[in-house]
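> Pasting the relevant annotations from TrEMBL:
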| type | residues | note |
| --- | --- | --- |
| DOMAIN | A:51-140 | domain '2Fe-2S ferredoxin-type' |
| DOMAIN | A:183-213 | domain '4Fe-4S ferredoxin-type' |
Amino acid sequence: MAFGLIGRVVGTKPSRLSTAARLIPARWTSTRSEAQSKASSGGGGANLKTFQIYRWNPDNPGKPELQDYKIDLKDCGPMVLDALIKIKNEMDPSLTFRRSCREGICGSCAMNIDGCNGLACLTKIESGSKETTITPLPHMFVIKDLVVDMTNFYNQYKSIEPWLKRKTPASVPGKEILQSKKDRAKLDGMYECILCACCSTSCPSYWWNPESYLGPAALLHANRWISDSRDEYTKERLEAINDEFKLYRCHTILNCARACPKGLNPGKQITHIKQLQQSG
Amino acid sequence: MGASKLSGMQKQVLSLYRGFLRAARSKPIEDRKRIEMIVSTEFRHNSKEVDRKNFQYIEYLLRLGTKQLDQLKSPDIISLSSVKVVASKT
């Protein structure tokens, strides 16, 4: 009886994806055999899609290769991360990739999907029989399969000193430093950054100068602290990045705004910094 | 001598090796011997096993070694130890 109730509640959901709606009641059932029979009855012809995934193992080092995996899309969640987890669970446990929240907030699963940087947990699998190519973030050193070395990226973030710096103590000691709503609104579009590195690794300027150019993500955060009304070291922050390489390698290519999975525009923030440098 | 000019990558490997030996000098004498033993066996093993042309793997090992060297340089770290793991197909 309980299952019947649950089935009816689920059935009232808007049926955008008919195959998913047929699978939802299957997942609610606790017995695996019941679920399997319901899933397989959803169609005799499987909807196969090929994933070409970059593989490189440092334990057996050779040339990196694109390995093919076929997934039945009827049996898999809608996002690329669901496909990767399914491959890792059922086909090849040695496939290595970073993932954590599966909801687009941690930034771990950033990778290059069909040529565009994005989060695997937020990128839908493109329907159709075309092959999907999954490679690690471009121009980053690869540690294994889809895992890249992010230390340079994190060091650049650390170098802009992303914390509140004050010269005068707070007006009410031990209490918050107050900020008006208008001043807080200035931080919108910058505080949401999850440091996934999709923007920096999509910037050609960052590809050619990864050690000297800070990259869109670090500069977005630099602007976040420069624009913070509570921070009193604005002039010093602007001087620290007023460098031919750190800031002015940006040529407003704006690949960063295109790649950002959270919809932010680092290029706009960098232009803001450049304007402040001009006027200040 | 008569050795041909060393390539940039070979120079990097040698300078990493030198860095390890210098870091070992700052540690107590017993640990120093162990560090030197581990590092020299690792480098000699890799120099025989790894193909000279396999740039990606050599660069990967260089980066790994540089990170380990930075850790070793810290005064809190006193020694290195090495464990051999054999993967079994059970």
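Each residue's number is its place along the chain shown, starting with 1.
Cβ coordinates are placed from backbone N, Cα and C, and glycine is handled just like the others.
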> What counts of helix, strand and coil residues does DSSP assign across the domain '2Fe-2S ferredoxin-type' (A:51-140)?
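Within the domain '2Fe-2S ferredoxin-type' (A:51-140) the tally stands at 15 helix, 27 strand, 48 coil.
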> Compute the average pLDDT of the predicted model within the domain '4Fe-4S ferredoxin-type' (A:183-213).
96
> For a three-state summary based on DSSP, what are the helix, strand and coil counts in the domain '4Fe-4S ferredoxin-type' (A:183-213)?
11 helix, 0 strand, 20 coil
